Amino acid sequence: MASILLITASPYGGASRGAILAMQAVENLQRNHPSLNLVVRDLSALATATIHSSYAEAVVGGLAHDAEAFVLSEELIRELEDATFVVIATPMHNYTVPASLKMWIDFVLRYGRSFAPIDGVKTGFLKNRPTLVVVTAGGIVNGDGRAQPDYLTGYLGDVLSTVGIHDLRFVYLDGLASPVRAEQVAADGAQTIQQDEVFGLGAPAGEFA
Ligand SMILES: Cc1cc2nc3c(=O)[nH]c(=O)nc-3n(C[C@H](O)[C@H](O)[C@H](O)COP(=O)(O)O)c2cc1C
């Protein structure tokens, strides 16, 4: 069933500042595309999951997609396949994605299922779809890179492109460690989302559903 997929990667789940802002985009989508189902994937629930040897062997050994070791992987890939729109709210943890989102990546980027090399180039098997990534960070991310490195933006962009999702926009709530700045970036982020041509308040209704 066609859906809006909201993925939250913060340990605070739906209460995180990124998820709260992401919900604004989700509410706009729900208003503009009322037929779409909302699917929420809270990755903090994956915190105890890990990549077992059975999964590694199943991937490397090219087991059938219905193999026992692929149950969670299949569930996560199908959620993504069914999504007309994807909204990801992720904090930066030590310059990159949190472990919970890395876990999701390891289950979703599956050789032979969601991508494979074609003419030597890793090529995605999923259709492209509009995707919004809300990044939260205590420090400054979107600056000149002197404050701290950013291995999140390029990495997550490459990961999503690998499975075929290229229609990406990133919104940053950074510098949240400063309460004064936090208020300002939250207001700016909200405005950016409201003006977005797909995720915004005035985005065309029904076009993608
Ligand atoms: C384990 C851990 C690592 C973190 N690493 C970074 C970092 O590298 N850079 C940064 O700017 N903030 C870092 N932070 C701060 C979070 O990004 C920040 O608290 C963020 O605002 C959380 O947003 P949320 O409310 O959406 O979860 C880290 C936080 C934790 C818990």
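Glycine is no exception: its Cβ is also placed from the backbone N, Cα and C atoms.
Note that TrEMBL annotation is computational and uncurated.
The annotation FMN binding site is assigned in TrEMBL to SER10, THR136, ALA137, GLY138, GLY139. TrEMBL lists 3-195 with the feature domain 'Flavodoxin-like fold'.
Where TrEMBL records a feature, it is marked here on the structure.
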{"residue": "SER10", "record": "FMN binding site", "contacts (Cβ under 8 Å, 6+ apart)": "SER16, GLY18, ALA19, SER44, ALA89, THR90, PRO91, PRO98, THR136"}
{"residue": "ALA137", "record": "FMN binding site", "contacts (Cβ under 8 Å, 6+ apart)": "PRO91, MET92, TYR172, LEU173, ASP174, GLY175, LEU176"}
{"residue": "GLY138", "record": "FMN binding site", "contacts (Cβ under 8 Å, 6+ apart)": "MET92, GLY175, LEU176, ALA177"}
{"residue": "GLY139", "record": "FMN binding site", "contacts (Cβ under 8 Å, 6+ apart)": "MET92, ALA147, GLN148, ASP174, GLY175, ALA177"}
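Maximum C-alpha to C-alpha distance over the listed FMN-binding residues SER10, THR136, ALA137, GLY138, GLY139 is 16 Å. Neighbour density for THR136 (FMN binding site): within 10 A of its CB lie 28 other CB atoms from the protein chains shown. A Cβ within 8 Å of the Cβ centre of SER10, THR136, ALA137, GLY138, GLY139, the residues given for FMN, is found for these other residues of the same chain: PRO91, MET92, VAL135, VAL141, LEU173, ASP174, LEU176, ALA177. Mean model confidence of the domain 'Flavodoxin-like fold' (3-195) amounts to 95 (pLDDT, 0 to 100 scale).
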